[in-house]
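To keep things clear, I will list the structure first and then write my remarks on it.
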Amino acid sequence: MAAHRAESHKEFTSKRVRRRFIDFFKEGHEHRVVPSSSVRPRGDPSLLFVNAGMNQFKPILLGCPDPRSEMASYRRVVNSQKCVRAGGKHNDLEDVGKDVYHHTFFEMLGNWSFGDYFKVEACAMAWRLLTEEYGIPADRLYVSYFSGDAANGLPADEETRQIWLSMGVRPDHVLPFGLKDNFWEMGETGPCGPCTEIHYDHIGNRKAASLVNADSPDVVEIWNLVFMQYNREVNGSLRPLPQCSVDTGMGLERLVTVLQGKRSNYDTDLFTPLLSAIHQCSKAPAYQGRTGEADVDQVDMAYRVVADHIRTLSVCIADGVYPGMTGAELVLRRILRRAVRFSTEVLQAPEGALASLVPTVAHILGDAYPELHTESERIMDLINQNEAQFLSSLKQGRRVIDRTLSNMDKDSAVFPASVAWSLHRNLGFPLDLIDLMLEEKGKMVDKKEMAVLEDEYEKLRSQSEEDDEDRVDQLDLHSLAELQIRGVPHTDDSPKYRYSLGTDGKYVFQPCKASVLALYCDRSLVSEVSEGQRCGVILDQTSFYAEQGGQAHDQGYFTKDGLQDVLFPIKSVRLAGGYVVHQVTAAETLRTGDQVQLHLDEANRMGCMVKHTATHLLNFALRELLGPSVSQRGSHCTASRLRFDFSVKGSLSVSELQQVEELVQNIIRQNAEVYLEEIPLSKAKQIAGLRTIDEVYPDPVRVVSVAVPVSDLLNSNSTERASVELCCGTHLLRTGAIRDFVIVSERQMVKGISRILAVTGDEAKKAREMAQVMREELESLAVQVGAASSLSIPAAQRISKEVGLLMNAVDITPVPQWQRQELQTQLKAMQKTSNNTIRKLEIKEAALKAKELLVKHSNKPVVVDLIHTDSISVLMKTVLQLSKSTPDSMVMLLSHLQLSGKVLCACQVPKGSASGSALKWAHSVCARLGGNADGSTDVAKGVGKASKLTDITDILHWAEEFAQNKIRKAS
């Protein structure tokens, strides 16, 4: 066996280890190979990232997969899943780099049984793979099982213990553990069950049972086999599942470490090429694998941080998660910035070094995840852009810290928490970096105040994430199972597609009658609900569209036979495991078996159809104009507007926006036919130019094609370019009903992803009309701005204010985005011209006032006087002009605005003067007037208040005396 192990270290490359795992279950045990899902969770708001192999299979485990999808047929499955654990419940970010086994990105090898095999087969397959296929000595393996829990009424999993013993595992290698280690739960509610873990002893030839689950680096868990046999209910109790499942997970990195005879994951071929590439582009010594105090200056930690984080960044960006400001995007931003800091500060690598590692990541992982090859250029671009932005933010942040410190009382050791929090939230400054920089200067942040600010932010964020919509209670898996046991058929929702185009050009929606098959209330199925009760209604058929595929649910109501004047308004419509659930608050007693008539809000449905078809045209136009690199990242259609997110390098230019709009409008003007056809999924995927997103599609699938029949697209010789997508939404039958299309907003959500908002029909027409109104206002203002140099300062300021108001109106009013950009550019130029005009008028007025004052106060060491102006800017300019003519004088001018009582103050003292500080002078004067001042040693300005003219006379004398005293003391 020893010879076999020595040989296996060379044989087991990471690629072979992954491949052998998949082949073992596929070829030897008839498992279906399912590709890894994206690390962006599919429709699961509870997760920031996919963090386990089971995430994509949650619909099966919860009993609600689409019965028409391929997923509904899964029984035995195997795969290698990309996982990210950073942020949220599973957060390894701050641990990464400190040791040799924590990662933010890792691969989870797993096999599943959904109602097929259970404990015996799962244990036997796992043991055979490890000991026979991979050749791991059995005496180095220890297995744990669930020891039971009296509080939950759970017995020990003796069945699993006996299975291991019957397979020849030694009794002292089969160990019992409690809930914490050997009972797995999906969350606070949902499927759960006992698990059995397989641990590996790196040392061998000893008794290591006491080190299992003892946080020993020598004895590590390598595989977890979960037996899902219970459901954790909302009240905390456990109920047996209607169908048992097996969910196993084994980290590839840890397994490869064992098979390659290493003690550190970073010493395997998953990381060594990266560590070598990092060394080549940095000024640091080669990686030596040290940790803790032995790792002088944290050089080896920096190697591990950069190697881990570049893998995470590459995988996430390839899957469409880009660094940003909220949720998963914010976590990725922190990962990128942590990598940049260790790369530039510790390893002293040049800017751009991080992105240069992407091809190495693609070389290591690209065979399993080919998107790393196809997206490598985009990944590098985004990393470079974000790195440059962060390094710029670091410089800006350091300036803010230095400026704050210079304005602080020198005796104070506490740095304002508000400034530190602003640096963290707005510039992305890591909090630990702020602490380090302040520590160097003998300062620290008030941690209590900081905690208050963090709590306030978390409260605001959690409030914003709450969904105000009164959602349908999702059918729980026991109710779903009960529906199937009762033989309740899945809802026939094909009536939602039953509409036609009349000869008058109006859409005709067929009426729909239905029977109440089930009622869902308070997490259970009931036969009757009373007036006022909120419930979910399942019908045998429905014409209502359930929210999915980015389209909002239909609105309307239903009535009961015989009670046509009693309306049951439908608040929302959701899909759960093939059942369409209509949420209503009962207006009258409702029972299973009742007959109802559905009444669709046709205007709302038409709005959704218009926006959804327009979204397809927009997607097509963007790809036609910008090329195939454009890919959809999300969309949402309501009756009033559409939202479309897509990947693109930067914001669209005025010309590009115009061209996209024109392309869409051309198809609208053609009144092109929209072809809708249901075909097998395998056949649909053969269509050239087909646009798909990361979704689980039903089979057969609905194909939506504009202007070109689906049959033509299936002809491999067809060269026609068309908008063609797999889509379950409701669409127009001809594009003419869109009438008009206008992009009213386009902005970068994060670097690399733009969001378009668009309107159609009358709203589009209004947007064009508003743009014309604003264009006319701009032209009128342009004439006034051009003539402003001959006006008084207040008149010129009024024009400048009008320019500012129009700029604000242009920013917030729905107008074509390309026109908004044109108007904004012209208004910015006008604002600049207007400001220059005002500045010149102020300089002119200041020169006249300074000339008068020079005659009045020639060669005085202190000049204090009152002049008439409403502008602090004119006051300051007059001070500067007067000081220029009398460079040795201390000059202070005040202005009294009699209506408001406000007093403006400006002053200057000779540079390097021993007579004192301009700021202290202005501050002392303004403080006596109940105000404040700011500025520097040389120049300052401020504001106070004086109700009587005698107060002004007094303050002029006091200000002059203050300055004279300073001169006397200095001499």
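Easy rule for this one: first residue shown is 1, then count along the chain.
Backbone N, Cα and C define each Cβ position, glycine as well.
Those TrEMBL annotations? Automatic predictions, nothing curated.
Per TrEMBL, Zn(2+) binding site is recorded for His612, His616, Cys727, His731.
Marked as coiled coil by TrEMBL: 443-470.
Per TrEMBL, domain 'Alanyl-transfer RNA synthetases family profile' is recorded for 12-770.
A Cβ within 8 Å of the Cβ centre of His612, His616, Cys727, His731, the residues given for Zn(2+), is found for these other residues of the same chain: Gln551, Met609, Thr613, Thr615, Val674, Val704, Glu725, Gly729, Thr730. Long-range Cβ contacts of His616 (Zn(2+) binding site) within its own chain (separation 6+, distance under 8 Å): Val704, Val706, Ser723, Glu725, Cys727, His731.
The number of other CB atoms found within 10 A of the CB of His731 (Zn(2+) binding site), across every protein chain shown, is 23.
Using a 10 Å Cβ-Cβ cutoff, Cys727 (Zn(2+) binding site) registers 23 neighbours.
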